[in-house]
Amino acid sequence: MSGGGGEMEERLLNGSETEQRRESLYLRKKIWSEVRKMWRIALPSTLFRVMSFGCVVVAQAFIGHSSETGLAAYALLQSTFIRFIYGIMAGMSSATETLCGQAYGAEQYHMMGIYLQRSWIVDTFIATLFVPFIVLAGPILRLLGQNVVISETVDEIYPWVIPYLYSIVFTMTMQMYLQAQMKNAIIGILSTLALVLDIAATWWCVSVMGMGIHGALLGLNISSWSVAIAEFVYVFGGWCPHTWTGFSTAAFLDLIPMLKLSISSGFMLCLEYWYMSIIVLMSGYAKDANIAISAFSICQYIYSWEMNICFGLMGAACVRVANELGKGDADAVRFSIKVVLVVSAVIGVICSALCLAFGGQISYLFSDSQAVSDAVADLSIVLSISILFNIIQPILSGVAIGAGMQSMVALVNLASYYAIGVPLGVLLVYVFNFGIKGLWSGMLAGVGIQTLILCYVIYKTDWELEVKKTNERMKTWTLNLPAVQSTTISTRDEERK
């Protein structure tokens, strides 16, 4: 009997071990599947941002070799008006990401095309409101005391910025629309081809045609609109048969709720874009301003490249959360959040360690000055900590965007960045004389507080309740498929007629 009992015990133990191995294998497969889904979104999204940033850098490089005044005018226009407007438009496009992601998860595919058309209407309207600011950029800069010659050059080049502004409306919204339905490869391919076209077109316009700064901006417009046109062809040409059923009068319904969500989205993201610009502006008033600005700009450049990875991961977090909320699976939402946070934390630790390891050596890629190198090395610790925080914070923002919490994130950004980060930086620089390290420490404090608040909010979020809210939003905003089809102008239907 004792022998039989021992055998039974052994079989139970073996069965338990087998069950544990099965559960472990299932978990590994589940994690790997989630990681693959995440990178399918994050890689093309990152590539899009890197290539878009590259097109702006190409224009600046060609302008710099053509005219010092032109370079100063372009840099001033880029760092103030274009960056300001781009931040708002990029933020507003995240509303498209939220709605399309949730609609895709809920299998309300026909609504994705409607949401895309509504975003075109709303974003084009907002972009048009900014046109007078671009037209009056020169007088505004002169009013602010900027150099007259540079501001007059801005008067010459502003017309080239207006078509670029409208290209952003379409490229950003269509990117979010395609990204929400996992059609990511086309985004990366078009972005890469656009950069190649941008280099070729800018070289031709500047070096061959002798158009100078105007040629550089023409090249930028050619590349940006080529992406928009290619995306139009992809969407209209039948590659999105379930989500694009043609133009519809339903696009003009529920524009006010769409406008509210878009504005809160734009406000949320633009606060992050402006934060670094304000910090750089403040560095110009620090002791040894030339060294301070140079060192700060180098650190900002490193920080900006890392931000491209961050925003790619943010897009992945947003789409995955929105998709699973649309499906009504709260457990899958939690699992997606855990996976993307772990992956981003690993990337953050690696980038942070590289920054610490190479410290001042990084500066020699941009400057031969020993003083600048020492200043960058002095900032390397706070820069590495910033990178670590910065890789986590966008993920949390992406989760919030996927759930439609843009207004909450905007308030958190406003409080942590502008009520804490900027004032603390000013205090450390001008009262305690900590120099640019104090300025960056103030910025780091703002990012750190924002990260902690978002961590708490995401941790306390009732995802079952968010699923219910998503279902209610889908019911409120979703049109019945037959009704949509009756108001749809389909090119293929017209051809058959």
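Each Cβ is built from the backbone N, Cα and C atoms, and glycine gets one as well.
Beyond the ends of the transmembrane segment (43-63), by six or more residues, the same chain brings 70-71, 74-75, 78, 175, 179, 184-188, 191-192, 194-195, 198-199, 202-203, 206, 212-213, 215-217, 219-220, 223-224, 304-305, 308-309, 311-313, 315-316 to within a C-beta distance below 8 angstroms of the stretch. Per Swiss-Prot, transmembrane segment is recorded for 43-63 (among others), and the stated evidence type is sequence analysis.
For 70-90 (among others), the entry in Swiss-Prot reads transmembrane segment.
According to Swiss-Prot, the transmembrane segment annotation covers 121-141 (among others).
Here Swiss-Prot flags 157-177 (among others) as transmembrane segment, drawing on sequence analysis.
Swiss-Prot lists 186-206 (among others) with the feature transmembrane segment.
Swiss-Prot lists 216-236 (among others) with the feature transmembrane segment, giving sequence analysis as the kind of evidence. Non-local neighbours of the transmembrane segment (216-236) in the same chain are 55-56, 58-60, 62-63, 66, 74, 116, 157, 160-161, 163-164, 167-168, 170-171, 174-175, 177-178, 186, 190-191, 193-195, 197-198, 201-206, 244, 491; each lies 6+ residues outside the stretch with a CB under 8 Å from one of its CB atoms.
According to Swiss-Prot, the feature transmembrane segment maps to 261-281 (among others).
What Swiss-Prot records for 291-311 (among others) is transmembrane segment.
Annotation comment: Swiss-Prot describes 339-359 (among others) as transmembrane segment, evidence class sequence analysis.
Taken from Swiss-Prot, the feature transmembrane segment covers 381-401 (among others).
Per Swiss-Prot, the feature transmembrane segment maps to 416-436 (among others).
Sequence-distant neighbours of the transmembrane segment (438-458) (same chain, 6+ residues past either end, Cβ-Cβ under 8 Å): 275-276, 279, 282-283, 286, 296, 299, 337, 379, 382-383, 385-386, 389-390, 392-393, 396-397, 399-400, 405, 408-409, 412-413, 416-418, 420-429, 432. Feature annotation from Swiss-Prot assigns transmembrane segment to 438-458 (among others).
Beyond the transmembrane segment (186-206), the same-chain residues lying 6 or more positions past its ends with a Cβ under 8 Å from any Cβ of the stretch are 43-45, 47-48, 50-52, 54-55, 58-59, 62, 66, 175, 178-179, 212, 214-216, 218-220, 222-224, 226-227, 230-231, 234, 239. If you look at the transmembrane segment (70-90), the same-chain residues 6 or more away from its ends with a CB under 8 A from one of its CBs are 56, 59-60, 63-64, 123, 126-127, 130, 133-134, 137, 141, 146-147, 150-151, 153-154, 156-158, 161, 164-165, 168-169, 172, 212-213, 216-217, 266-267, 269-270, 272-274, 277, 280.
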